[in-house]
Amino acid sequence: MLLDRSLSGLTYHVRTFGCQMNFHDSERVSGLLDSCGCLEVSEPEDADIVVYMTCCVREKADTHLQGQISSMVSAPAPSSGLRTVCVGGCIAQREGEAMRSFAPNADVVFGTQAVSELPRLIEASRAEKGEHLEVDVEEPYDSFSTDLPSHRAQKFHAWVPIMTGCNNFCSYCIVPYVRGRERSRAFEEVVDEVRSLVADGVREVTLLGQNVNSYGRDLYGEPRFAELLRAVGKTGIDRIRFTSSHPKDLTDETIAAMAETPAVMPQLHLAAQSGSTDVLRRMNRKYSREEFLGLVSRIKKAMPDIALSTDLIVGFPLETEQDFEDTLSLVREAGFSSAYTFIYSKRPGTPAAKIDDPTPREVIQERFDRLAKLVQEMSWRYNQAQAGRDVAVLVEGPSKKSAEVLVGHSPENVTVHFPIPQGRSASDYIGSIVDVHVDEARTWYLRGTVASEPR
């Protein structure tokens, strides 16, 4: 791809919010700007070009973005004398031209399918000295931005989108409206990309999609995710993870492929959202409490040591105390290793936003606190069971608190910290897999000591 280098010499900063698909798109944005001759800087205040890759799943994301953009107005001008503020991702797709009132200080708006158009939009904005908002949220430009240059945050890990969009239309979710309908990449294209990444030194890939279990249905008439897992597992990649996985579409064939493919890590994020069948019905999740627990049972029968994590929403409209108690009991019965918990956030344009809910905010907050306490207890209990074990850790880099301590993740996706052994350097370990003996287990992470040579 030939790129205009009229932006050469300008500095840029990309700030990412939301899901892993946004992180993948951010790597493509950075790769595009690198190819235009731009230089990355670590702080937005120092950048000529500031790019926000946004999420609109929760209301707080809207106000956070508005605050971030407003802070750029008072920041000193960059060395070029002109700062260009760009908004991409799901808020950009949702707002489009309405960004003029949503965030008046934005200069460029590019939608989820228009990543490749960003350099053109920036050039047009700067030619006009930022006097006019440049907007492009049309579809389609690039269903997948995989043919664009990439600037990966980690050389040993790569995001690999296998599909985008969602056909499920959960009643609370804005994603189908901003990411579009399900579109899958060609089977061999995905496998070839992973082969290329392996040749480039990548040790772990995360296969991405709003619902990976539906992969291939639009292209081949039936899902082929189980087959894809097996094929990717034969490329020589050390570790495979994937997200997101909708419970209603997780088949026994996929469970078998996970269990029988050594590179697939023993970890699965399976969003329950609620433990109440009545709430699940109003959410349009298309499964019951009993069906979800039956799925968990089949997964654990095939992979007894798997770490299951989940998403849970508290305060969905008309949730009763019994509904909430059903969620608590589901968490206990499923035995999750961790969970992301959220208070329901009304998203305009979704069916759930039309439901009036008389439940007092303080009741919802009290329920949320009870759930958070239970999740914390279960995470602590799960990690305590790891104490005394040796775990294989893909080492990612220094911890935020000490350059003498390295951090990585176990196969079960638990964060592991360990000190650099005497006489060794961080570079001996970063990007390698090393066994770590777990000496101490905390609620959210493990601590240990190196128990093998890096490999």
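The chain as shown is numbered from 1 upward.
The backbone N, Cα and C atoms fix where each Cβ goes, glycine too.
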Inset, instruction - Would you identify which residue of CYS90, CYS166, CYS170 TrEMBL lists as part of the [4Fe-4S] cluster 1 site it also attributes to CYS19, CYS55? - result: CYS90
Legend entry - Shell of the [4Fe-4S] cluster 2 site beyond CYS166, CYS170, CYS173, same chain only (C-beta within 8 angstroms of their C-beta centre): ASN168, PHE169, TYR172, ILE174, VAL175, PRO176, GLN210
Legend entry - List of residues, in chain order, with Cβ under 8 A from that of CYS170 ([4Fe-4S] cluster 2 binding site) and at least 6 apart: GLN273, MET283, ASN284, ARG285
Legend entry - Pairwise CA distance, CYS90 ([4Fe-4S] cluster 1 binding site) versus CYS166 ([4Fe-4S] cluster 2 binding site), rounded so that it is a whole Å: 13
Inset, instruction - Starting from the [4Fe-4S] cluster 1 site formed by CYS19, CYS55, CYS90, give every other residue of that chain whose CB sits within 8 Å of the mean position of their CB atoms, in sequence order. - result: PHE17, GLY18, MET21, ASN22, THR54, CYS56, VAL57, ALA61, GLY89, VAL175, VAL178
Inset, instruction - Whole-number Å only: compute the distance from the Cα of CYS173 ([4Fe-4S] cluster 2 binding site) to the Cα of CYS19 ([4Fe-4S] cluster 1 binding site). - result: 14
